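Reviewing the structure listed below.
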Amino acid sequence: MERISWNQYFMAQSHLLALRSTCERLMVGATIVRDKRIIAGGYNGSVSGGVHCIDEGCYVIDGHCVRTVHAEMNALLQCSKFGVATDGAEIYVTHFPCLQCSKAIIQSGIKKVYYASDYKNHPYSLELFKDSHVQVEKVELVQVSIHLEQAIESNKSND
Ligand SMILES: [Zn+2]
Ligand SMILES: [Zn+2]
């Protein structure tokens, strides 16, 4: 069985997180990684305890749903909440980050952004990433499927 790469593993984690999103306008997931260890994860959703877009409908102002905290912000705020350093970390996101999240990523000391899908890639985000020496790389998730039976079989043969 072929071993999954780190990039595919972390990007798959972000896609899994996106499935927890509570706003159907766009389901986004983000995973913060340091030294090949996942330190935080987030998806776009309401503030804790708030009503969900999927239950009450989106709260749209000027074409944007204002109810949700973005996935990248949620992942960063999880670090802030639990006192986890983000300096020098990397972030894996399912979609290219919006301008506000791009600035927060830069400000938190994250040094590399991996994203799976282009999404309204703002030229100012790209300019800020470049000026701040934050690398940006597109890593598409290639079809990942887990064959449990295969895994069990190979575990048996390793006994
Ligand atoms: Zn919404
Ligand atoms: Zn954002």
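Placed from the backbone N, Cα and C atoms, the Cβ positions cover glycine too.
Keep in mind that TrEMBL annotations are predicted by a computer and have not been checked by a curator.
Record features (TrEMBL):
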{"type": "ACT_SITE", "residues": "Glu72", "note": "active site, proton donor"}
{"type": "BINDING", "residues": "His70, Cys98, Cys101", "note": "Zn(2+) binding site"}
{"type": "DOMAIN", "residues": "5-127", "note": "domain 'CMP/dCMP-type deaminase'"}
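A straight line from the CA of Cys98 (Zn(2+) binding site) to the CA of the residue listed as 'active site, proton donor' spans 9 Å. Cys98 (Zn(2+) binding site): 20 other CB atoms within 10 A of its CB, across all protein chains. Each residue in the domain 'CMP/dCMP-type deaminase' (5-127) has a pLDDT score, and their mean in this model is 96. Cβ neighbours within 10 Å of Glu72 (active site, proton donor), excluding its own Cβ and spanning all shown chains: 28.
For the recorded Zn(2+) site, residues His70, Cys98, Cys101 set the reference point as the centre of their Cβ atoms, and the other residues of that chain within 8 Å of it by Cβ are Val28, Ala71, Glu72, Met73, Pro97, Leu99, Gln100, Ser102, Ala104. You'll find the Cα of the residue listed as 'active site, proton donor' roughly 6 Å from the Cα of Cys101 (Zn(2+) binding site). Applying an 8 A CB threshold to same-chain residues 6+ apart, the list for His70 (Zn(2+) binding site) reads Val28, Ala30, Gly42, Asn44, Pro97, Cys98, Gln100, Cys101. Around the Cβ of Cys101 (Zn(2+) binding site), the number of neighbouring Cβ atoms within 10 Å comes to 24. Residue counts for the domain 'CMP/dCMP-type deaminase' (5-127) under DSSP, split into helix (H, G, I), strand (E, B) and coil, are 43 helix, 31 strand, 49 coil.
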